[in-house]
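One structure, pasted below without further comment.
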Amino acid sequence: GVDGSESEAIRPLPWYPENLAWQSNFSRMQLRKNQTLERFHEFLKQENEIGNITRQETVSMVPPLFLDVRPDHFVLDMCAAPGSKTFQLLEMIHRSAEPESLPNGMVIANDVDVQRCNLLIHQTKRMCTANLIVTNHEAQNFPSCHLRRSHTTREIIEEPGISELLFDRVLCDVPCSGDGTLRKAPDIWRKWAVGMGNGLHCLQVQIAMRGLSLLKVGGRMVYSTCSMNPVENEAVVAEILRRCGRSIELLDVSAELPQLVRRPGLKKWKVQDKGAWSASYEDVPVTRRSGIVQSMFPCGKSFVEKSGSDHAATLGDIKDNGDTGNSVDGSSLTEDPVALTDLLKGEDSTFSLEYCMRIVPHDQNTGAFFIAVFHKLSSLPAIEKKPVRLRGQLNGANDNEADKLADEAKEVICGMEVDAADTGEQIPEETPCADLTNNEKVEAALDTDPIKMPKIEVEEMQAPREGESGPEIVKVKRKLQMQGKWRGVDPVVFFKDDVVVDKIKAFYGINDAFPFNGHLVTRNSDTNHVKRIYYISKSAKDVLQLNFLAGQQLKITSIGLKMFERQTSKEGTSSTCVFRISSEGLPLLLPHITKQILWASPVDFKHLLKYKTTKFADFVDAEFGERASKLMLGCCVVVLNKGGQPLPDSPQVDASTIAIGCWRGRNSISVMVTGIDCQELLERLLVHMETEKESPLPENQPLGVRDSEIVKANDK
C-alpha cells in the first residue's frame, strides 16, 4: 500500500468481457502527490493520451455493455460528451469486424454543447476511426432524416444506401443531478437539493422518448443516469412505458454480466418538494402542481380537477396505455375527481420496474448508476398533444411556483461540482412537463420535424474544467437549431477533384482495392484550397448523402478520419504530391501502399525516433539509407522490420505492424510524429529489443498494440 495504508492491488473487473477493464483504488490525490506512484501516474497519462487505454469511472462503463452492439449496427449516443462511452461503442464495432476492413456499422455521437463536442472529438480522435459522426443538437430535438426528392443537390452522385436515419442501438445517458457521484465528489453533499432531480425529470422523459422514436423496430435502447433519485430513474421508465404502451418492453437482463452486482429497480417511492413528502399526486399542494407532475409518481395516472371557469386544466396528457381514457389494465378511468383520488392512493407501479438495475457504491466499490434496457417491438403509438392555452388563462400563483422551482433547480446545480464523465450537459430553464408557461415547447420536443421548432432563449451550462469547482450557468441567447446550413460550422463537402486524387494514388502506389470514390470529404467548400481530406466509411457515406437529400438537417461538427493533409512548407510544395498521409489515417491506408515505403531494422527505427531527423549516410544500415535516398521528395512511411531479417518482395502488413509517417527531404528522413508518441513507441521498441535478445518473438506475434493501432501518433 501507499501512505502506510492497505490498498488492494490493481485488478481486472470480473464482470467486464475479456478482461479489458481494470480498476485501481488509488485516489487522484495519491496518484498526483505520492512519489511512489509517480511513474505509474505518468504511464496512465501517456497511454490515455495516445489511446491505448481510457480512464473512466467504473460504473460508467456498464451501460454500453447492455446494448449488445454488433459490427453492422447503427448506434446513436444521444448525450455523448465527454466521449468515454462513445469510445467503448466504437471499440465494440471495430473489435468484431473483419480484419483489415471497416465495419458496416457506425456511431453518431451527439451533444448539445459545442465546447463539449470539441472534448468529444478529442477523446474519440484516439480511436482513429472512419465510422464516426459527431453532431451538435439538443438530444430531445435530434432531427429525423428522410429521403426527400425535392432536396436533391448536385453534390450527390449516387443514391444513399438508406432512406431514413434510424438506429439499431441507442444509448440514452441523460443529464441528471449526479448524486451517484457523491463518493468522488463529496462537496455535492452540501449543494444537493431535491429541486435538481424534479427539474430534470421532464427533460429526461423527452430525451428518452426521442431516442425510442429514432430506434428501429427490434432495436435496443439503454437509459441510464448517475443518480439514485427515483424521480429521474424509475419514474422516467414508467412514464416511457405508459406513453408507448405495448410498442416497447422493459427487458430483464439479469442473466447478462452475471458477475456485476446490481439491485432491482423500485416499484414504490415518494416525491419530495419544499421539504414535504408526497405519496401520490393528490398529496401535492395545488400551488405546487405546476412543478410536480403526475409522471413523477409510481402510478402516474391522469388527474382532472375542475376549475372555477369552463376551462378544464388537464394536468396529464398521456394515459397509462397511450390511449385516451384507458389505464394499464384497460379499465376505463372515470372523470369523477373523487374516484380518481381513490385510484391514486397506494402508489405502487404496475410495471415490471424490478427489471431496472441499481448499482450502489457499497456493493462493489464503485459509484452509483441506474440502468434500464428497452426493446422496441413495434412503431410507437401516435401521442396526443395538449391544446395550447394562453398564458392569460393561467393561474398567477401557478406561474410563480413554476418559475420558483426552475430557479431553485438552476441555483443548486450552478453551485454543484459535477463530474464531466458522468453528468449531462443541459439544465432546463423550466419544468417542461408542467407546461404552464408554453405548451408549444413540449410539442416541439416531441415533433420530428425541426422546421416546427420554436425559437426560444435558454441558459446553457458549461462543462466543468479540470480543477474548477463545478459548472456555471452562462447567460447566452441560443436558438434551437433550424433546418438548413448551419452558421458557424464548416460545411461537409464530398471531395471530387480527380486530378488530386489520381496524384495521391500514383505517388503512394495505392492499389484499386482501396475504395476512394465517394469516401473522401473535406470541410472547405472551396476545393482549390483544401487543407485536409477526410476518409469516411460506407455507412458514414450513406448518412452524409441522406443528410444532403434531407436538407442538411444534421449539424455535423466532425466526420470521418483525417487521411491526407496539405504540406504548406516551401519544400512540401515542391513535392510531386503536396498531400502527406496523416498519422491517424496511416493504419487504414498502410496495407494498400506500394510506393514511398521503407522497412527499417529495429536499430535504425530507434535512431529515427530518438533523433527525429537522420541523414541518409548516418543510418546504421547503409542499404536502408540508400533506399531512402531513392524515394521521391515528399511524404514516406517507415515500417519496423521486427525480425531484422531480409523481407520478401511483398511483405505482409498485419495488426502488429508498427509504422510512422516521415518526410523524405533532400538529404535526410524526418519523422512526423508528436513527441509523446515518439516516446511511447521508443519505450515499446526498447522492451521488444530486450525481449528479442532473450527469446526472439514468433514472426506474427503482436507487440501489445491495439488492433486498430499501427501508428497511434497524432500529426505535428
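Heads up, residue numbers simply count up from 1 along the chain you see.
Placement of Cβ uses the backbone N, Cα and C atoms for every residue, glycine included.
TrEMBL does not curate its annotations; it predicts them automatically.
Annotated active site, nucleophile per TrEMBL: C226, in sequence order. The S-adenosyl-L-methionine binding site annotation in TrEMBL covers C79, A80, A81, P82, G83, S84, K85, D111, D173. Annotated compositional bias 'Polar residues' per TrEMBL: 323-333, in sequence order. Residues or ranges marked as compositional bias 'Basic and acidic residues' in TrEMBL: 706-716. The domain 'SAM-dependent MTase RsmB/NOP-type' annotation in TrEMBL covers 1-377. As annotated by TrEMBL, region 'Disordered' applies to 314-333, 693-716.
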Considering only the binding-site residues C79, A81, G83, K85, D173, which residue has the minimal Cα-Cα separation from the residue listed as 'active site, nucleophile'?
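Result for the residue listed as 'active site, nucleophile': the nearest of the binding-site residues is D173.
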What number of additional C-beta atoms lies within 10 angstroms of the C-beta atom of C79 (S-adenosyl-L-methionine binding site)?
26
Do you know which of the recorded positions G83, K85, D173, C226 has the most other C-beta atoms within 10 angstroms of its C-beta?
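Of G83, K85, D173, C226, the one with the most crowded Cβ is G83.
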How many Å separate the two farthest-apart Cα atoms among the S-adenosyl-L-methionine-binding residues C79, A80, A81, P82, G83, S84, K85, D111, D173?
13
State the count of C-beta atoms found within 10 angstroms of the C-beta of A81 (S-adenosyl-L-methionine binding site), not counting that atom itself.
27
Using the Cβ center of C79, A80, A81, P82, G83, S84, K85, D111, D173 as the S-adenosyl-L-methionine site position, which other residues in that chain lie within 8 Å, going by their Cβ?
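Other same-chain residues with Cβ inside the cutoff are D77, T86, A109, R116, L120.
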